[in-house]
Amino acid sequence: MNAILTQAGPPEPPATAATTEASDASAAPAPQRAWPRMRLWATAHAVDDFYQGLIPASVPYFVLDRHYSYLAASGLTLAATLGASLPQPFIGLAVDRFRLGGLAAAGVAIAGLGAGLSGLAGSYALVWLLILVSGAGVAMFHPAAGKSAREAAGESASAMSFFAAGGSVGFFLAPVLATPALSALGVGATALFIPPALLAGYALLRAKARRNAAAGTAGAVGAHGVSYTGPDQWRPFAVLTGIEVVRSIAFFGINTFIELYWLRSLHASRALAGTALACFLVGGVLGTLAGGRIADRIGTIRTVRLGSALGLPALVALRLCPGAFAPLLFAVLAGLVLNIPFAVLVKLGQDYLPARPGTAAGVTLGLGVSVGGLVSPVLGAIADSHGPRGVFTVLCAVPVAAMALAFLLTPPHPRQQ
């Protein structure tokens, strides 16, 4: 995972000054000394979100091996979503109020242990509980990691997009790595994926110990990054959260139904349907990275508006494009444009709540993202009535709400160190 992320590398500073709105959030390249920390956090983010992707990848094998009903299988997905989404804002409040430096390390370890042990558990109740615990581990990671990553990134949207892209890479790798193992060994193969979580947790604790040692000689700001204060802007933050929720509904809806769309509406093979999902997720990684670079040049609010505006034509093109091969291009494009605002919304949320970076990260990385999974049953009901094509038709209207909300965003106040 680290190799995949480090290929992107630190972006070169732009040759000319960024043409941002005068009142928009300032953007600047991250200092070179920040990039080792950003690589560590991006890699840990990839490991953590790998377990978010491992649960939906393993659910079909619970059905096959344990003979769970579809209702019971959907209950496992619900457990993961509840564990990962509901606690995050409260954990963010705790991260901002107390010194919880080891929380991210504990979170990624718990996420891996819960997901890994679920395949070995006997009763359905224990499986459900372990998946809930795994989701809680994911919830523990995001606020603490988002706060620490922002301290290292400073005002660089590119650096924050690098961190956010780590999660997209992990989510993408989960079905790629897990499906062959689960197919060959059964659902108990989830235990094979425990070690990365423990290694990531250990690496974060080691890095924390080194920073604490450096803080004793170089000062806390130099060792840990830059902290900011300033007035909190809750109203624009609420608008931003609405945009993240809308984006999440579109992203999770496509992620859930794109294979069925290819299979049942486009009459493609299973291999091509899997390729469509891979194209969409790869586009998401590219969009996350591109969004940070764009924001460093034109400003955060303009980037959010750009991504929101491009979402409508991208989804309409995906829905209307004929054939089974040509729409693959629009699957990549849809993933790209839907994720252009992703990391930018994380940074902008922390700009709106400068004294509460953990809370902001808990909402934008956690609740705002996971809530899309809670809407999946509604989309499932639409699919039962009108097929996957009907779901994609409905999803075409979702970016309109994001566009409307994006134009209600106001510039954040200048932050103070």
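Note that Cβ sites are derived from N, Cα and C of the backbone, with glycine treated the same way.
Owing to the predicted nature of the structure, the values given are computational and were not obtained by experimental measurement.
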Annotated range (TrEMBL: region 'Disordered') out of 1-29, 204-232: 1-29
Interface present between the transmembrane segment (126-145) and the transmembrane segment (270-291) (three or more C-beta pairs under 8 A): no
Listed stretch, out of 68-86, 98-120, 184-205, 389-409, that has the most CB pairs under 8 angstroms to the transmembrane segment (157-178): 184-205
Mean of pLDDT values spanning the domain 'Major facilitator superfamily (MFS) profile' (236-417): 90
